[in-house]
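Heads up: the structure comes next, in structure tokens.
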């Protein structure tokens with residue numbers, strides 16, 4: 001029964017009871033290691049169970065089923081307890097023949113009962129338990145006064161227990177109340193989660209990328225991204241990819257596969273986007289127009305370069321002579337003057353030129369062509 005306080009109820013912070021902002025899954029995961037259903041089950045004594053009305057018993061069923069589903073979702077290896085089977089079938093979880101909960105062996109008192117068992121100052125004891133277990137939740141009317149902690153510290157009074165049941169019935173709906181929007185929360189998990197959202201605190205941080213989350217559950221979902229990250233590796237070059245489809249496209253580089261073919265010229269491409277760009281050439285489409293001079297361009301990058309002419313910008317400067325150019329290609333051509341490089345060679349006579357246009361004009365000598373005629 002001692003596991004109940006750690007598995008179900010919110011826990012105190014280091015400086016007292018500041019909202020008790022960690023829920024059962026978060027606390028158990030970080031503080032206690034692997035979680036079991038025993039850690040998250042709520043157990044009642046026979047008297048406590050009979051004290052609950054139909055709505056409260058329904059609430060109990062929902063909370064227990066949700067706790068079990070959370071364990072399964074987190075991938076924790078847990079066998080299905082008899083209590084869960086019983087709750088799923090809508091049966092009463094209290095075994096009247098054995099006088100115990102279905103999931104647990106017979107006990108004299110549950111941990112919950114021991115904590116709430118009264119001494120003559122019944123209200124004081126109950127308020128102290130509420131403050132200890134629920135961190136006050138912003139309710140200033142719950143004053144902390146001196147009272148007993150458990151059944152071992154005071155004499156058990158039967159008439160006091162009946163008084164406790166009445167007080168519990170009138171007070172329980174206020175325990176899980178959000179002090180910001182005055183919403184009443186009946187689920188043990190949701191009260192902490194809702195309050196954390198108001199504070200904006202994100203205590204759960206991803207060690208891989210540093211991103212923070214307000215819920216452990218959200219952190220778990222986020223980690224799937226990193227698990228998948230670069231999990232698909234190319235056997236040829238060792239390059240890794242996040243998605244299998246990206247790896248498939250990459251492999252075409254090694255295989256030489258060019259499955260995207262242009263119907264007009266028959267040219268093949270690795271990717272559909274490359275084929276789309278190629279089609280523009282055949283169509284003669286010019287989508288990008290200069291607002292200054294009206295000149296059209298097939299690609300936006302070409303228009304961007306062209307605009308530098310109108311702007312008068314010359315960002316590309318020659319280190320040799322300080323001359324500036326509006327386009328990088330112009331600077332590249334200019335540098336040949338300083339280097340003395342002549343990459344364009346005539347196959348007929350071996351003469352070299354630093355400009356391709358100069359080579360083209362030179363070739364006319366060998367062909368005997370005379371394109372320029374006097375009118």
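Glycine is no exception: its Cβ is also placed from the backbone N, Cα and C atoms.
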For the feature zinc finger as recorded in Swiss-Prot, pick the matching range from 137-159, 344-366. 344-366
If you check Swiss-Prot, which stretch out of 107-129, 176-198 is marked zinc finger? 176-198
Tell me, roughly as an integer, the mean pLDDT over the zinc finger (232-254). 80
Is it true that the zinc finger (260-282) and the zinc finger (344-366) have 3 or more Cβ pairs under 8 Å, skipping pairs fewer than 6 apart in sequence? no
